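S.K.: Take this structure, written in structure tokens, and hold onto it; I'll ask about it next.
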Amino acid sequence: MNCSAFLSLMLMLVQLWPCSLSTQNFSAQNTDQSLTAVQRVKRSWVWEPLFATEEQTSMVPVYVGQIKSDLDKQDDNLRYVLTGEGAGSIFIIDENNGKIYVTQKLDREEKPFYTLRAQAIDRSTQLPVEPESEFIIKVRDVNDHEPQFLDGPYVATVPEMSPEGTSVTQVTATDGDDPSYGNSARLLYSLIQGQPYFSVEPKTGVIRMASQMDRETKDQYLVIIQAKDMVGQPGAFSATATVTINLSDINDNPPKFQQRLYHMSVSEEAPVGTTVGKVFAEDGDIGKNAAMNYFIEGDSSDVFDIITNNETQEGIILLKKRVDYESKRRYSVQAKVVNRYIDDHFEKEGPFEDKTIVKINVEDADEPPVFTLENYVMEISEAAESGSLVGAVTATDPDDDDCPVRYSLVHGTHLKTLFSINEHNGTIITTKPLDREIASWHNITVTATETRNPEKISEVNVYIQVLDVNDHAPEFAKYYETFVCENAASGQLIQSISAVDQDDSAEGHHFYFSLAQEATNNSSFTVKDNQDNTAGIFTARSGFRRQEKFSFYLPILILDNGTPPLTSTNTLTITVCDCDTEVNTLYCRYGAFMYAMGLSTEALVAVLACILILLVFFLAIVVMRQQRKKSPFSEKMEEFRENIVRYDDEGGGEEDTEAFDISALRTRTVMRMHKPRKKVTTEIHSLYRQSLQVGPDSAIFRQFISEKLQEANTDPSAPPYDSLQTYAFEGTGSLAGSLSSLGSNMSDADQSYDYLTDWGPHFKQLAAMYASHRSLED
């Protein structure tokens, strides 16, 4: 709390009096607006405000005010008592006269008021002369707090070129002093830094534009705002805050080309879509306000195009159409750039666009030959002979040197067998006769190659149409199955026919039908031409009999309208049917078939019956053979396959048959001569010992294997199927000898283990064991 601050305490003393008494018996010595008299039931206390200095250099109590009862006769008979908040510590009272003192510094921001109670007590009786009364001491504020900008530092954004008076942002400072008393919390804002571009409203702290500013000149400003309390009076506290104001961009600048004239070049060999060059326009704006579109104006827009690179805002000039050095060597292109987004507020200031000239030179290149036409269409009659001229193609070198050209057909095409081309003059001739009915059009590809530079090649398509000549006679449109009933009347229509022609008629086909000359006089049928490329077949008499004549063959003459006209004779087969009211086509076809085969119905039935008997007999034979092939022991064989025994012991395994009944594997038909098994234990042992000194090719080893093989073949207890016999043979060079179980049947008496002592200390214990065992046996 500041030393110059003062404390203003308002003391309200309420004294109770009888209801019949009024408050006019008591007076107040201060007329401050903030004083309040509170009426209670029976008596009233009055108070007066007093002022005391808040901060003092010593601890001397400061007088605040005095409470006094009307019953006080100034005879020191009454004693005043103070209780409540701070009583005895912050506030003390002189019990003789009721004067109240403050002994500590007070802070309104910590506690704005204190609630206390006062009472007057008779010293002689120690009883209160009046009821206890409550009053409030309010702490009057002094300017002891500085303003504070709690939200600083501030950042604000305003569009550039905003008009004067545009609100930018508002800053607000707070003061801990009492805003309802005095000027301690009344703040005044002022601008310390930021003139002449900005201004601030003194009371509200609203920052406004003081002039129009261009972002392209400066895009950020630092403004310092000061807030003073006490309405800026001398001795007031102050605080400052910084406000960073950024100017946002608006589209107030048109794009400008960096150059008024650009020079570029493009080769005449460049394909469509080739990048010719780039132009660039600068725009002082940023973001979407700097987005722009490029255009090509004038006649050059047919040859060149321009697109915008949205990332770099460059204009890329592209080749829209192939250029020719010999036709035009230089182009003058006018390019225009326009802002994509235009602000209506600045549109009146002028067009947001710019123009420049681009000079594009066409570079000469060795070009391939150029045909006079993009494609050729030729015609030739199908009656033309081999070697006839079809047409000619022409290609020239577009370069200045006019190099000679050589023509050829594309390799690999099957049409090279029908056409050939003169490599010097480009004339195309036929190599074979042509047939329009096989192919009416032929498409060939001709190449033209520079003789001095074979890499320069161009191609052209040649379409050859084969013109038709009337070389095919008309014929029936389809195969007709015609039937006539035995009871058909004369003049009855039995068939309608039509014709087709493979030739192509420019005026449309028209066919004429009539009977052939040889069938005109003695025919049982007539032909009537309908004059619409169809004709009707009618009976010329009645009463047909199948027994007399089963079929009629009617020759019909068909004439076309070609030049020259061609005719053909087509035979219509008419079958006689036995029918009452209408023709049964299926029955007639069956009768015609039988008639053609020369068989009657009875004969056909007999043939079918024989075939059926043979088929049944064949199936019976197949079934009987399948029954004979079925084995009577199939079930037992399945059991044998499932009974698998595995041997893991060494030696004697082939004699171990206790795992299953070996006799179940044998059949009655498989019997062998029983030959007693020889006692070959000693012999095996002897041969085995001898085999240790020999290899597999020795006679002793072969004799050993032969005997074991013969013994296995003659063993009656062996399985009927092939088995694998395994015998161990360690070879030579082992000092330990063999440990095979083949010699396990020999008694220990025949064994000598003296050699174990020669094997070294590792076998010492083993040699001792066998030596003791041998001594026990002895």
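Even glycines carry a Cβ here, placed using N, Cα and C.
TrEMBL does not curate its annotations; it predicts them automatically.
OK, TrEMBL features for this one:
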type: SIGNAL; residues: 1-22; note: signal peptide
type: DOMAIN; residues: 69-149; note: domain 'Cadherin'
type: DOMAIN; residues: 150-257; note: domain 'Cadherin'
type: REGION; residues: 160-179; note: region 'Disordered'
type: COMPBIAS; residues: 164-173; note: compositional bias 'Polar residues'
type: DOMAIN; residues: 258-371; note: domain 'Cadherin'
type: DOMAIN; residues: 372-476; note: domain 'Cadherin'
type: DOMAIN; residues: 476-587; note: domain 'Cadherin'
type: TRANSMEM; residues: 603-624; note: transmembrane segment
S.K.: Residue list, the compositional bias 'Polar residues' (164-173) vs rest of chain: Cβ under 8 Å, 6 or more residues beyond ends.
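M.R.: For the compositional bias 'Polar residues' (164-173), the nonlocal Cβ contacts are 147-152, 154, 156, 158, 187, 189, 198, 200, 204-212, 225, 227, 239, 241, 243, 245.
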S.K.: Can you check how the pLDDT averages out over the domain 'Cadherin' (476-587)?
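M.R.: Per the prediction, mean pLDDT sits at 85 for the domain 'Cadherin' (476-587).
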S.K.: Count the residues of the domain 'Cadherin' (476-587) that DSSP assigns to helix (H, G, I), to strand (E, B) and to coil, and report the three numbers in that order.
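M.R.: When I sort the residues of the domain 'Cadherin' (476-587) into the three classes, I find 6 helix, 48 strand, 58 coil.
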S.K.: For the region 'Disordered' (160-179), jot down how many residues DSSP puts in helix, in strand and in coil.
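M.R.: Residue counts for the region 'Disordered' (160-179) by secondary structure: 0 helix, 5 strand, 15 coil.
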S.K.: Quick check on the domain 'Cadherin' (150-257): DSSP residue counts for helix, strand, coil, in that order please.
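M.R.: Once the DSSP states are binned, the domain 'Cadherin' (150-257) shows 3 helix, 46 strand, 59 coil.
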